[in-house]
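Written out below as structure tokens is the structure these notes cover.
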Amino acid sequence: MVMIHIFLTVMVVGGVSLFPETAEAIVMGPSMQKLTWHYYKVYNTCENAENFVRHQVEIFYKNDKSIAPKLLRLLYSDCFVSGCDASVLLEGPNSEKMAPQNRGLGGFVLIDKIKIVLEQRCPGVVSCADILNLATRDAVHLAGAPSYPVFTGRRDGLTSDKQTVDLPSPSISWDQAMSYFKSRGLNVLDMATLLGSHSMGRTHCSYVVDRLYNYNKTGKPSPTMNKYFLSEMAKQCPPRTRKGQTDPLVYLNPDSGSNHSFTSSFYSRILSNKSVLEVDQQLLYNDDTKQISKEFSEGFEDFRKSFALSMSKMGAINVLTKTEGEIRKDCRHIN
């Protein structure tokens, strides 16, 4: 059975222990071994660091639920480029955040606020890279995701270059997407799971219009797109016919909308050919990801557990530890 296959995959990849009662996943693969669970408590450098982060996230979330998808995107943009080193937070005319793919990134204000609080409590101790990982975990948990363990002890990168940003277009093929995830040490289950982050948040119409009007340069809409959903999207995203035309935002998952809730309805929409982005819809075009999508649409807990594992794995990509990098005093600038 597919459910058993997925569950066993989650259990054995990277030496994983799952705790069904809390839907938490602990990853002890090679990259994670450089990090420590509750690092700041274990080494008695800032015992309540994670509590301080959580408190600030809870305050912010009450006023702005969109912080969950914003932080998810920010963490993805950081980890998938040069590793989880908070380089995406650095300011500068040629920094990563200035790359076209990073247009519209958000969440910086909350990270700044958390850093200020931690510098007051434990000066020069907690890295911006750890703050970003912890804050993302706490925000998506408030939105309905599991509160997975975040291993800590990361240090902050010293450079940030927009030329290194190779984040792919949301219109890439399944094979291209799979190749990209594999290059970061992630597998097919991770890809299908992490794309589920699109269960909340928004995107610009410019990333969707080709599906609506010029799929694969045919001058026609995507043939697989549900015709009623196609009509709805066309109303929100008119053809781009002139330079400087406004670029509206649309919800990645209309079912959750402004609630920005973490749900498995994203996968139900894939199975109904109602995905907003082409990269999401293409999960239906491969036998493995199609089966995973079916499992997740039918079993929310399976999705939550897999999400916990994949987020932990993503958060360990090319981390800096020990004497590498630095602990920034200001997340936007190196010391």
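Glycine is treated like the rest: Cβ placed from N, Cα and C.
Sequence annotations record features per position, and here Swiss-Prot assigns Ca(2+) 1 binding site to Asp78, Val81, Gly83, Asp85, Ser87. Over all protein chains present, the Cβ of Asp85 (Ca(2+) 1 binding site) has 28 other Cβ atoms lying within 10 Å. DSSP assigns Asp85 (Ca(2+) 1 binding site) to coil in the three-state reduction, placing it in neither a helix nor a strand.
Around Pro168 (substrate binding site), a 10 Å sphere centred on its CB holds 15 further CB atoms from the protein chains shown. The substrate binding site annotation in Swiss-Prot covers Pro168 and rests on sequence analysis.
For His198, the entry in Swiss-Prot reads heme b binding site. Its Cβ placed at the centre, His198 (heme b binding site) has 23 other Cβ atoms within 10 Å.
Around the Cβ of Cys46 (disulfide bond), the same chain contributes Tyr40, Leu118, Arg121, Cys122, Val125, Val126, each under 8 angstroms and 6 or more positions distant in sequence. As annotated by Swiss-Prot, disulfide bond applies to Cys46-Cys122 (among others).
Marked as disulfide bond by Swiss-Prot: Cys79-Cys84 (among others). In the three-state DSSP scheme, Cys79 (disulfide bond) is classed as helix. Sequence-distant contacts of Cys79 (disulfide bond), defined as residues of its own chain at least six apart whose C-beta falls under 8 angstroms from its C-beta, comprise Arg184, Met314, Gly315, Ile317, Asn318.
The disulfide bond annotation in Swiss-Prot covers Cys128-Cys331 (among others), and the record cites sequence analysis as its basis. Taking Cβ-Cβ distances under 8 Å and a sequence separation of 6 or more, the neighbours of Cys331 (disulfide bond) in its chain are Ala86, Leu89, Phe108, Ile111, Asp112, Lys115, Cys128, Ile131, Asp156.
Long-range Cβ neighbours of Cys205 (disulfide bond) (same chain, at least 6 residues apart, Cβ-Cβ under 8 Å): Gln236, Cys237, Arg240, Asp247, Pro248, Leu249, Val250. If you look up Swiss-Prot, you'll see Cys205-Cys237 (among others) marked as disulfide bond, on the strength of sequence analysis.
Positions annotated as N-linked glycosylation site by Swiss-Prot: Asn216 (among others). Neighbour density for Asn216 (N-linked glycosylation site): within 10 A of its CB lie 12 other CB atoms from the protein chains shown.
What Swiss-Prot lists as N-linked glycosylation site is Asn259 (among others). DSSP assigns Asn259 (N-linked glycosylation site) to a helical segment in the three-state reduction.
What Swiss-Prot lists as N-linked glycosylation site is Asn273 (among others). Taking Cβ-Cβ distances under 8 Å and a sequence separation of 6 or more, the neighbours of Asn273 (N-linked glycosylation site) in its chain are Thr224, Met225, Asn226, Phe229, Gln281, Leu284.
Residues annotated as signal peptide in Swiss-Prot: 1-18.
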Inset, instruction - Go through Ser87, Asn259, our recorded positions, and report the one whose Cβ sees the most other Cβ atoms within 10 Å. - result: Ser87
Inset, instruction - Show, in sequence order, which residues other than Asp78, Val81, Gly83, Asp85, Ser87 on the same chain lie with their Cβ within 8 Å of the centre of the Cβ atoms of the Ca(2+) 1 site. - result: Cys79, Ser82, Cys84, Ala86, Val88, Glu96, Ala129, Gly157, Ser160, Asn318
Inset, instruction - Compile a sequence-ordered list of residues in the same chain as Asp78 (Ca(2+) 1 binding site), six or more apart from it, whose Cβ lies below 8 A from its Cβ; state 'none' when nothing qualifies. - result: Cys84, Asp85, Ala86, Ser87, Val88, Leu89, Glu96, Ala129, Leu132
Legend entry - Cα-to-Cα gap, Gly83 (Ca(2+) 1 binding site) vs Asn259 (N-linked glycosylation site), nearest whole Å: 30
Inset, instruction - Using a 10 angstroms cut-off on Cβ to Cβ distances, just flag whichever of Cys122, Cys128 is the loneliest among these disulfide-bonded residues. - result: Cys122
